[in-house]
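If you look up Swiss-Prot, you'll see Glu68 marked as active site, on the strength of sequence analysis. Marked as Zn(2+) binding site by Swiss-Prot on the basis of sequence analysis: His67, His71. Taken from Swiss-Prot, the feature domain 'SprT-like' covers 6-147, and the record attributes it to sequence analysis.
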Amino acid sequence: MNNEILQRMVENLSEEKFGRTFQHRAYFNKRLRTTGGRYLLKSHDIEINPKQYEHYGEDAVVKIILHELCHYHLHIAGKGYQHKDQDFKRLSQQVGAPRFCNSIESYQQRANYEYYCTKCHAKYIRIRKVDTNRMRCGHCNGKLRMKRQLK
C-alpha cells in the first residue's frame, strides 16, 4: 500500500461513514513509533504508521483511519475532538472506530535497561536510563543498580 491508495481509502471512508468529504492529505509516516496514527490540528492532515499495515493488515489501517477521521470531522465542525469529549465518544461509537490500536512492540521488547534493588532484589526494566542516585526501589526504598543493558 502506498500514499495514493491510502489517500483514496481515507476519502472513500469519509464519504461512506461520515457523509462528508476529506479535503486534506493522508499519508504514511514511518517516524511514528508508539501510535497507530495522528490527526494534525494545524494542517488537518492525517498520518498513519506503516508498521500497523505491515503487522496487522488493511483492517487495522481502516480502524485507525476511522478513529483519525472522527478527530478530523469534529475539529472541522468546531465540536469536541479530543478523546475525553462526549462528541468524540459518540461519533466514534456510531462509526465503529476503536479507542486504541494494537501495539507493535510490547514494553518488554522495547526495554533497554534492567535494574535491581540492592535490598530486596526487585527487578525493574526500563526503556530510558534511570538516575540511580535519585531513584529508589518502590517496594523497600533501597538503592537501585543497573544489572545490564539489554540493547
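Think of each number as a place in line: the chain as shown, counted from 1.
The backbone N, Cα and C atoms fix where each Cβ goes, glycine too.
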Helix, strand or coil at His71 (Zn(2+) binding site) [DSSP, three-state]: helix
Local confidence of the prediction over the domain 'SprT-like' (6-147), expressed as mean pLDDT: 94
